[in-house]
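Presented below is the structure to which this report refers.
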Amino acid sequence: MQPLKEKIRQEGKVLSSEILKVDSFLNHQIDPVLMQQIGQEFARRFAEDRITRVLTIESSGIAPSVMAGLVLGVPVVFARKRKSLTLTDDFYEAKVYSFTKQETNSIVVAKTHLTEADKVLVIDDFLANGQAAEGLIEIVRQAGAELAGVGIVIEKSFQEGGKRLREKGIRVESLAEVAALSEGKVTFVGDNE
Ligand code: G4P
Ligand code: NA
Ligand code: NA
């Protein structure tokens, strides 16, 4: 998605060979116009899929998801992060391990917000190792809902998440695919040089 890639080139900060900072439009400050274009692009890619709900995770997944939900005309549910698990029958729950933070957290969704009648589009801001996406997919499975696919704003293709999901037959639509981060420069998949 061209406007997104241009924004990443202009404002993205390469913090290391693994981390891209995009606080000026996605993770701290939000660019509503770009976010609207992102939502339209997700909606276009999943237009034929009869989506009934968008599922994401707090906090940075919410903005692109709301824009997609607006265009698709469906509710947006965001999983909440929990430190410890208070077991209850009212929630679907999955464990998410973060390689970046080296800790496991629970993510939960109230059963009232996702049912077996749903066809779900999972959206997140970043795809790195895929742990968050896999947690959301586990929640879709627990609900007995159908997974249409996963929409990602920025996929870091040099990490394993995208490969892991696609190998399971899951449809992954990433709007920007970062091939490498080096010497302060972002290289996208498909860049010639
Ligand atoms: P994974 O889910 O793909 O396995 O990723 P990981 O555990 O490594 O991600 C932990 C957090 O770091 C997530 O945000 C994820 O979106 C974010 N993240 C991963 N790689 C990058 C990156 O290169 N740049 C930036 N800016 N973020 C990255 P989170 O903790 O859930 O925070 P938030 O949603 O509240 O922002
Ligand atoms: Na994030
Ligand atoms: Na995220």
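Glycine is treated like the rest: Cβ placed from N, Cα and C.
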In TrEMBL, the residues Leu20, Asn27 are said to bind xanthine. Which of Lys119, Lys156, Lys163, Lys168 is said to bind at that same site? Lys156
At 10 angstroms around each C-beta, which of the binding-site residues Leu20, Ala128, Ala132 has the fewest other C-beta atoms nearby? Leu20
Taking the Cβ of Gly130 (5-phospho-alpha-D-ribose 1-diphosphate binding site) as the centre, how many other Cβ atoms fall within a 10 Å radius? 24
Binding residues Leu20, Asn27, Lys156 (xanthine) - maximum C-alpha distance in whole Å: 16
Cα-proximity to Asn129 (5-phospho-alpha-D-ribose 1-diphosphate binding site), 10 Å cut-off, over binding-site residues Leu20, Asn27, Lys156: Lys156
DSSP on Asn129 (5-phospho-alpha-D-ribose 1-diphosphate binding site), three-state: which is it? coil
Cα-Cα, whole number of Å: Gly130 (5-phospho-alpha-D-ribose 1-diphosphate binding site) versus Lys156 (xanthine binding site)? 10
